[in-house]
Amino acid sequence: MNAPVRGRRSPLASVGLHATLIVASVIAVFPVLWVLLTSLKPAAYATTTDFFKETTFENYTNLLNDTPFLTWFGNSLLVAGLTTVVGVFISATTGYAVSRFRFPGKRGLMWTLLVTQMFPVAVLIVPIYNIMASMGLLNQPAGLVITYLTIAVPFCAWMMKGFFDTIPREIDESGYVDGLTPFGTFWRLILPLAKPGIAVTAFYSFITAWGEVAYASAFMVGDENLTLAGGLQKFVNQYGAQWGPMAAASVLIAVPAALVFLFAQRHLVTGMSAGAVKG
């Protein structure tokens, strides 16, 4: 039986498709370009459309010299880094256990991981705030790390479970034959094959912690403790906004996220596709 021949797209349809893609690309890129150009404009032109009338780096120098931006940056890097490392470990071990072992409550655990993703931040922020206050973790990086793990781990564990389901169980059995323990099999044989899934998990965990605003603003006070999310709010007050320094800060904040994406991008498509496969 011959396979059906796909019809060629008409010239009008091609024009419409490409026009739509161009418009969508412009809409996506325009805000980013606007922020970048605003960061290079003097304060007098910050709210105008005179992008190329005068270019200066004073917004960046003022940001780095006159504000605790580097402190905020370091705090965010610490929180995001710990969230990423711990999140990858917990998600990978949980996903592997659910994928390979049978134990009471397994189905309930998987449903719990899904249900936790249904609650918005506005619903959870008060109870989590009270829990962190009772544990003495307010205004502490550990409090934010634990909070972000509750956001990232359920999704990442579910995704890692789907990824491990695609790895043949014969590999586990070969490890047992060679005398490896279940954890040894996971660590030495399975985990190296799970690099795409780990890349997606690391990227998602990092972005969750790096760009989050609500919890960071509620849990952290004092310039020495703020993360970037809380620090940016310092540029906006009841008397106006410092658009130049805020734009410069936004550009610098985007750099680590872009670097993480570039580092992980070759694994992202593979990892997300494999993680979406039903086991």
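Any Cβ shown, glycine's included, is placed from N, Cα and C.
A Cβ distance under 8 Å defines the sequence-distant neighbours of the transmembrane segment (12-37), meaning residues of its chain 6+ beyond its ends; these are 51, 247, 250-251, 254. The transmembrane segment annotation in TrEMBL covers 12-37 (among others).
Residues or ranges marked as transmembrane segment in TrEMBL: 72-97 (among others).
The domain 'ABC transmembrane type-1' annotation in TrEMBL covers 73-264.
Per TrEMBL, transmembrane segment is recorded for 109-129 (among others).
Residues or ranges marked as transmembrane segment in TrEMBL: 141-160 (among others). Outside the transmembrane segment (141-160) by six or more residues, the chain places 75, 78-79, 82-83, 86-88, 90-92, 94-96, 98-99, 110, 112-114, 116-117, 128, 132, 135, 194, 197, 200-201, 204-205, 208-209, 212, 215-216, 219-220, 227, 271-272, 275-276 with a CB less than 8 A from a CB of the stretch.
Under the heading transmembrane segment, TrEMBL lists 198-221 (among others).
Positions annotated as transmembrane segment by TrEMBL: 241-264 (among others).
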